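Undergrad: This is the feature table in TrEMBL:
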ACT_SITE  Glu190  active site, proton donor/acceptor
BINDING   Glu124, His142, Glu190  Zn(2+) binding site
DOMAIN    70-194  domain 'VOC'
DOMAIN    200-324  domain 'VOC'
Amino acid sequence: MPLLKSPSRRIALFQLGTAISQSQLFDANAKLLRTEGNKLETFMLPVAAEPTTSVTAENVLEWTKRDNRRILHAVYRVGNLDKTIKFYTECLGMKLLRKRDIPEERYSNAFLGYGPEESNFTVELTYNYGVDKYDIGKGFGHFGIAVEDVAKMVELIKTKRGKVTQEPGPVKGGNAVIAFVEDPDGYKFELIERRPTSEPLCQVMLQVGDLDRSIDFYRKGFGMELLRKKDYPEYRCTVAIMGYGPEDKNTVLGLTYNYGIREYDKGNGYGQIAIGTNDVYKTAEAIKLSGGKIIREPGPLPGINTKITVCLDPDGWKTAFVDNIDFLKELE
């Protein structure tokens with residue numbers, strides 16, 4: 001992640017414009033890693049002073065439930081940006097919102113979704129020059145897309161020579177019609193048959209080693225609600241859906257516990273989700289109190305002054321919190 005040279009440049013943290021492992025992006029001493037040619041360099045990040053107002057742990061954790069939060073986007077790496085954009089727009093019906101090339105930093109990225117970034121969840125795709133393949137690992141689950149007619153979309157994907165990994169049909173033990181497809185890099189998408197919604201890109205699914213621990217963490221540290229939890233013995237897993245509002249109107253976080261599996265290989269493809277907040281300083285404090293690990297202390301990013309903080313959940317999944325007002329300024 002290089003230092004931004006222009007205020008119009010996107011939030012630096014959300015760029016995956018280097019091929020380094022996501023776990024090495026920030027170290028414990030707030031050093032930011034960047035590539036310079038074939039060399040990996042570090043420089044210190046300025047960390048703004050924290051507010052001096054004294055707040056109790058109970059107040060901070062209660063505040064997370066009242067904070068104005070929304071899951072903004074997911075960031076991940078792809079091996080062929082144009083090919084992936086073509087699949088997302090022609091097969092999945094997304095819109096290309098923005099695309100840019102940063103040759104001096106040897107990467108390109110694109111932002112896609114079903115509505116404007118100011119109000120809708122989007123995906124941020126990053127292509128690093130010369131890297132055409134990534135290891136997705138076993139921990140990332142899938143993205144969910146709500147569609148009116150799953151069978152119709154599957155047929156369209158087939159005509160475009162897309163990969164269908166599960167044909168349309170009802171979920172075992174339920175009535176919901178679903179199908180699974182893969183994008184050119186192997187990222188999975190679950191197509192879920194639902195009535196029309198303002199947020200079709202409706203779910204990010206991650207796999208965790210201790211579901212109760214994760215639910216407790218996301219409730220306290222992230223201020224999310226447990227929208228539903230269900231055991232699927234026929235699939236040997238239990239799923240919890242967490243979020244900031246009804247899942248038919250908001251993008252939610254799905255957590256899957258597979259019986260007997262405590263750890264997962266995360267690979268180097270999937271990066272993180274980003275969540276908006278009114279106060280990154282209180283957010284970081286709540287995360288620490290809830291057992292999460294802060295890997296980027298709260299404060300403004302160099303060059304653009306957008307305030308962010310970055311954390312890892314108990315399973316090591318990364319999330320960036322960004323100041324709501326600063327985020328909107330970045331989109332201007």
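Heads up, the Cβ atoms here are built off N, Cα and C, so glycines get one too.
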Undergrad: Around the Cβ of His142 (Zn(2+) binding site), how many other Cβ atoms lie within 10 Å? Please give the count over every shown protein chain.
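TA: Neighbour count, Cβ to Cβ under the 10 Å cut-off: 19.
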Undergrad: Cα distance, His142 (Zn(2+) binding site) to the residue listed as 'active site, proton donor/acceptor', nearest Å?
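TA: Just about 7 Å between their Cα atoms.
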Undergrad: Could you give the mean pLDDT over the domain 'VOC' (200-324), rounded to a whole number?
TA: 97
Undergrad: When you measure from the Cβ of Glu124 (Zn(2+) binding site), how many other Cβ atoms are you left with inside 10 Å?
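TA: Taking every protein chain into account, the count is 26.
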Undergrad: In the domain 'VOC' (200-324), how many residues does DSSP put in helix, strand and coil?
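TA: The counts are 21 helix, 57 strand, 47 coil.
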